[in-house]
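Asker: Structure provided below as structure tokens; questions to follow.
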Amino acid sequence: MKGFLSLTLLPLLVAASPVAVNSIHNDAAPILSSMTSKDIPDSYIVVFKKHVDPSSASAHQSWLQEVHTAHTGRMELKKRSLFGFDFEAFMGLKHTFHIAGSLLGYAGHFHEDVIEQIRRHPDVDYIEKDSEVRTMSEGSVEKNAPWGLARISHRESLSFGNFNKYLYAEEGGEGVDAYVIDTGANVKHVDFEGRANWGKTIPQGDADEDGNGHGTHCSGTIAGKKFGVAKKANVYAVKVLRSNGSGTMSDVVKGVEWAAEAHIKKSKKGDKKFKGSVANMSLGGGSSRTLDLAVNAAVDAGIHFAVAAGNDNADACNYSPAAAEKAITVGASTLADERAYFSNYGKCTDIFAPGLNILSTWVGSDHATNTISGTSMASPHIAGLLAYYVSLAPAKDSAYAVADVTPKQLKAALISVATEGTLTDIPSDTPNLLAWNGGGSANYTKILADGGYKAHNAETTVEDRIGGIIDSAEKAFHKELGAIYSEIKDAVSA
């Protein structure tokens, strides 16, 4: 009985991490599977060892095609010779990956016999089961003003007087490309002012449009004229999720590759107007070593990356791409300066940004808006803030550069100037940091020199903060009412 108990408890201990399955042969590459996401049957991501170059990868893929074709042929013969025998058709190779020279591999739909041969190939480092990925939104609520913009431009908690006041530098985002790796974008929406572009559709057979709204909402928070943090940035929609808000891990990796290649190509042109690139991924699934490596490779290529921490009120380190160490992982905060009830947390969470009841652009018309919640809404605030800061201090690989600002340096800078200690319900292993845009200053050097800020109200409760907002509103109301009464009294007296 003791042995049985230990075996049944084991999955509970490892459920949060990728585990190797079917690896009974020591000389075979392991197959990784995340216990926190849903695997896609017979779909795999294969990653090469570091010594494999593009030429060797191409030769391997030619070998793979031969193996897959031979297996398919044998199954066809078996089908013809055995009455009533049926077999699933396997697609074979789906994607190849070569991200910034540091991640080579491919994805596809293969029979287990083919996978066994791939596992034994000396070029293969590991195989990961492809899995479902989803958006990180938390459902619709009643529309309200975009308070999130106001919050990141003020140090102290919002009050009635600054509730809708966003302080910003007008040139924020100018010359910066923002890759939104999501469900697509409503590029014709008026809030984008013609700055939104369709980049790439990754899912096979899907339309070049956002049939969901999630990607459009994120894009608006990044770069919309009314709803955006960086109001002059360019948006490039990279569609990796279908209209239902879900997709495959391999499609997401391919989307990251497309963004990295587009950035590298743009940076080599020497365009004086180009200042750098940022990317946002408000999506996630279980732990995926491949996706984390892909994001890290894109950062190494020069893209400033923001990702959502996740909405399970759990440790963000157990989710991808939240666990990608070189990206900025973003948790969600509320109007009352508390951690949103759904927001993930932990040491992999770098910073918090507004994520509850966020108003932004939507689909259905070129004027549509919607209010939704999630770490999906928090991450675009940071992606927009990255674009904002890059435009004030252009990235190193920009021909317009006046400062050496790499993604690593800007991540450190963004964290260093954040507002500290203002949030409640923050676990002890989680940074209590809220994003800040410099309060409207366009002087990047001064923003960094001024450094971070410890909130005066760090010890107050959520109830106190809400009460303060209500008190401020009541005082303003009574003041206005008194002025109206005086005017009426004067008019009557006259």
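Using N, Cα and C of the backbone, Cβ positions are placed for all residues, glycine too.
So Swiss-Prot lists these for the protein:
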SIGNAL    1-16  signal peptide
DOMAIN    146-448  domain 'Peptidase S8'
REGION    180-198  region 'IgE-binding'
ACT_SITE  Asp182  active site, charge relay system
REGION    209-231  region 'IgE-binding'
ACT_SITE  His214  active site, charge relay system
CARBOHYD  Asn244  N-linked glycosylation site
CARBOHYD  Asn280  N-linked glycosylation site
ACT_SITE  Ser376  active site, charge relay system
CARBOHYD  Asn443  N-linked glycosylation site
Asker: Where Asn280 (N-linked glycosylation site) and Asp182 (active site, charge relay system) are concerned, what is their Cα separation in Å, rounded?
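Answerer: Per the Cα atoms, Asn280 (N-linked glycosylation site) and Asp182 (active site, charge relay system) stand 8 Å apart.
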Asker: Please work out the mean pLDDT for the residues of the domain 'Peptidase S8' (146-448).
Answerer: 93
Asker: Secondary structure at Asn244 (N-linked glycosylation site) (DSSP, helix/strand/coil)?
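Answerer: Assignment for Asn244 (N-linked glycosylation site) reads coil.
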Asker: I want to verify one value. Collapsing DSSP to three states, which class is Ser376 (active site, charge relay system)?
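Answerer: Note: Ser376 (active site, charge relay system) is helical by DSSP.
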Asker: Run through the Cβ atoms and count how many others sit within 10 Å of the one on Ser376 (active site, charge relay system).
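Answerer: Excluding its own Cβ, Ser376 (active site, charge relay system) sees 33 Cβ atoms within 10 Å.
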Asker: Taking Asp182 (active site, charge relay system) as the reference, which of His214, Asn244, Asn443 (the recorded positions) have a CA within 10 A of its CA?
Answerer: His214
Asker: Return the member of His214, Asn244, Asn443 nearest to Ser376 (active site, charge relay system) in space, with distance defined Cα to Cα and candidates limited to these recorded positions.
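Answerer: Among His214, Asn244, Asn443, His214.
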Asker: Select one residue from Asn244, Asn280, Asn443: among these glycosylation sites, choose the one with the most other Cβ atoms within 10 Å of its Cβ.
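Answerer: Ranked by Cβ atoms within 10 Å, first place goes to Asn280.
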Asker: To the nearest whole angstrom, state the Cα distance for the pair Asn244 (N-linked glycosylation site) and His214 (active site, charge relay system).
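Answerer: Between the Cα atoms of Asn244 (N-linked glycosylation site) and His214 (active site, charge relay system), the distance comes to 10 Å.
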